[in-house]
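Below is one structure, written out as structure tokens, with a few remarks after it.
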């Protein structure tokens, strides 16, 4: 917005600040797209229902209703877990990392990116529980005093996964919530309805906007950001160890942690691009989420995509360079086996449309950006699936090779988790300020001050 | 306050407040004006709302009463919990019975009529495991898959439970009446039209009863039908020696064995015997004592052919030619020279040379399904080589036959067709199913006046008979039977009959109108008669031992050999050979209701729950057939459809079908599985026919197999050496470094060694493991999805050209890695290492993340995808080993090295204050193995057998490169013939 807003008199800029707050807080107060929102929400609720049905079926019968077997005893549950968690990463990256780096353009994106993170992590976190043979004992992963007198096994990547995801969920909730407090207060102050005043008032935690509040808030927000940033790296590194720690050809590779983190950021940026373009279109936020934002998102997507492609190349190179018989065979199975579609699907969906982002016109055009984001999301899904299945279905002993085909209940559960994501996200869009108005204003103010000084 | 006082509440309260003494200081706080006033209404309503605040106005007496009453009531609640208790404690406990301590009984189960000596383990009156009888001089405690699985038949929920008349449940009284009437008729006519049909009879008691019956009714006749029989072999012996004899092979004395399509080591009543004796020779050879050369020629791979170091592929008719050529080469006086291909010529010359070099310590054998003339030629070869009374010995026939001999079933069918049969009694035979189609038994059965069937199941024959009498399982009845070596085994019950059944011996008495006998007395009577004097003593010792010593028939020295008619030249090579064979896991169909055998992967195809039609790779290519394609085999009378399966190493124009499937309907899960190959059997030539056409249907069937890839693809999972003392190439001198500290080897530290050189892939270990460890069977559909639960699997590989590859077997239990990836992967400490070096799975702790299985390079872990054990019928629950946890849904399981057996022995040793002796712990798989391929023991003790095996140059670890340091290691297979070939291959590298 900085390009559009020219520095003007003090009074007019105050009005403009009020207008920004107004524009953002007005959305939840008097929602513009009621009909469309209800259609979308009904759709999301249907998906959520599918989730519950699928989850109950699994809980009732056991994971045997899925297509998993020996040797492929992890299936869509784990690949989707990684996929969702990866998507979550972009939110934290955009918010926390760019906050600490004082990149103010993030302010137009961070709120809904964080919300996306939150709900994606919830989706991800559900999977490891759903996939357990005895899900009712999932808490045995946690270190707690128990009659068995036993701790989790700290050598296991799953133990660290459990800690990582839990920490990530908590920090994401905190970070997102701290960030939204001032805007909740602004909404509270602007709404006319009693119920809304109580609702927003409760969650605004008595925010009055005093200087002391702002000072405390700044401290808390930046501190949480500083905690969140390393988590981006650690969480997906842990997740990659789920594979890399096993002595299975195609998994046992030191490149996995960075490869996974970059892939996660890549898929996350893709989903942020999709959400940004959709929200921008739906709520006429072109003046807040400007062409420059889309441009920057496109650049991030391109950069993280290229870094991910490096992971692909290095994996192939080192496999061939090592010449280890089993590893080479796994590579062959990836490139030409039963699941070659997932490998080539990942390569094509991830990296081919991505190249369009070299052009500025494409980057700033919402529709192509949305489509490329979609393509990358699909491509990264293929990648997660490919990494999991192609390593397990033909591992060492020829005799134990076998194929895996996801069953109906696995697909339905996956579709259902889209509902788990969409329902809270739509509620967020409906009831909370989806863009950080005060941070935009802060950025705007600083921009103006700088303009005046110059 | 919901209930307000009714009359002038306001005034009352107000005045009470006013009356309240001010400043008294006792109640400085009040919650309401009513409380302050302390009105009765307030108290009432307060008590109604909060009963616990009501004052307890109790005096001492009331309190004591109340306490007494509550104590009494508390005591009563203790009585309530046990209301569904049905068990009663022993009022007078049986002597020597200690609950939870196993008792072992020596007995036998039969296969094809022949006894397989076993020890039956019973716990609290339930038989839970069968193991070979170690005192038996020939079986030496070993067993095969059928013997191991016989236990489950006892508990088969589909067994027949009561007599039936015309399909409806009847009483034994009614049966008795019918038999009495029939006996009266037969008495009048001296048994005219009375026919008895049995399977192979080796039981002296049954033999006595049959003889008595035939004596009593001179016009009655006895017939025998054994679907998988050795009729041709008996005829060959008759042909050559002019009398009935049985031939016995002493494989332990044969330095050279040449098998012409004789599956010595394959399924059958002699499998354990042959496996045991062959492995003795092989183990001696490994120690450098003599040779052990096995050469084989066969149309389709068998366990014997795979074990052979030199395997020649030849069609059924070509084998006759080869036999003839071999005979001719050994002695120009017999056999005939033939045009052989260079490959055949090499093989025949090599065989002839080897046989000649090991004169009187060799054996040439021809499959029992070849024509009697050809088999006689085989015997003649042995005679010329001086093998008689050495590697091949002769005795009286173990199984008694009716006077018509091998053709007696044909005679029965003829008589039935012409209406000469008034009463047909079938004991433990199922001719309506298991007989060649063209005898027309089913059609003729209608012409029989009274058909009586006695059997374990209400089967096809029972359904067509007027009367069906349920027989008991061998583990719940008294009997006797000879094992294939001739020793009489005494069969004693381990449990009282579960259902309302009658022993075959009792039914035999009933037939003559005698009632009220019991099998114990009948069997005793036989031996009382035989032993006359010292019965009690001999009976006791024999029962205790499980067999009767010196009861085997003495060897007969052959003096005169008849001239055999020259073998007719084999017919010209047909376009398609159809070969009929027993099924490797369900035999002739009698085990079709046994899930342990149904889910047991067939040794070569790894197919479960059905039979397939084996085709050669050449034929498959020519007719564009792939695995699972439905194909049809058509004869002029009938056709059979089934799924095709490509068998590498099968003769190009040969198609193999196996018997035993396509049964039912019985209302069980085994209904109509597979195809019925009996329909393809021709009466005159049951094992081979050349007038069959193969048609493709374009349809496809799902075949459940536990191993989808068999080609080894150049991996070194199976290693070979060229000589017993050669070192296997490991590629590394020391194990690669590891992040984890080296494993401390406590004493004891358990380990296993599996000798691929003696493993014949017979599956005995797999079933033994299932029986010992309560492994659930999951059914065809789940096996097809890759969810079979076997802890121990036998991998089958082939290497080289699909048309003529080398086959290998490799049993794969858990490797019990010292650096186990599964242990590292488990987040909840369910996969742990024991102090004595075992990698164990703690079921209670497992939450089912399945990381252990993902990380396992050997994929030996099995997961309970559903609750496999919850809905088992009570019969199946009864077969479970109480010393092994029954796993519920959602937990991982795997081979534990039979930790329960280790614990048993450890406790015993502790009680006796000593250390565990070598060989004291025997795992279930090791115990069953007929060839001693599996050895288990303490690897910390350098003197133990397992340590010595691991010290051998042939010892190697599977997937050594993964650096898991397995405790289960293998001994490389010895392939002498490959020596030059291998060296040149290595030279190239």
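Heads up, the Cβ atoms here are built off N, Cα and C, so glycines get one too.
All annotation found in TrEMBL is predicted automatically rather than curated by experts.
As recorded in TrEMBL:
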TRANSMEM  A:37-61  transmembrane segment
TRANSMEM  A:81-100  transmembrane segment
TRANSMEM  A:112-142  transmembrane segment
TRANSMEM  A:162-186  transmembrane segment
TRANSMEM  A:220-244  transmembrane segment
TRANSMEM  A:256-279  transmembrane segment
TRANSMEM  A:300-321  transmembrane segment
TRANSMEM  A:341-359  transmembrane segment
TRANSMEM  A:371-393  transmembrane segment
TRANSMEM  A:413-432  transmembrane segment
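Relative to the transmembrane segment (A:256-279), the listed stretch A:81-100 leads the set A:81-100, A:112-142, A:371-393 in CB pairs under 8 A.
Recorded stretches compared: A:112-142, A:300-321, A:341-359, A:413-432; the one with the most Cβ pairs under 8 Å to the transmembrane segment (A:37-61) is A:413-432.
With respect to Cβ pairs under 8 Å, the transmembrane segment (A:81-100) is most closely packed against A:112-142, considering the stretches A:112-142, A:162-186, A:341-359, A:413-432. Sequence-distant contacts of the transmembrane segment (A:162-186), counting only residues of its own chain at least 6 positions beyond either end whose CB sits under 8 Å from a CB of the stretch, comprise 21, 24-25, 85, 88, 91-92, 95-96, 110-111, 114-115, 117-118, 121-122, 124-125, 128, 141-142, 152, 200, 203-205, 207-209, 217, 220-221, 224-225, 227-228, 231, 234-235, 238-239, 432-433, 436-439. Panel annotation: around the transmembrane segment (A:300-321), residues 253, 255, 258-259, 262-263, 265-266, 269-270, 273, 327-328, 330-331, 347, 350-351, 354, 357-358, 372-373, 376 of the same chain, lying at least six beyond its termini, place a Cβ under 8 Å from a Cβ of the stretch. Within its own chain, the transmembrane segment (A:341-359) is flanked in space by residues 266, 298-299, 301-302, 305-306, 308-309, 312, 334-335, 368-369, 371-372, 375-376, 378-380, 382-383, 385-386, 389-390, which lie at least six positions past its ends and keep a Cβ under 8 Å from the stretch.
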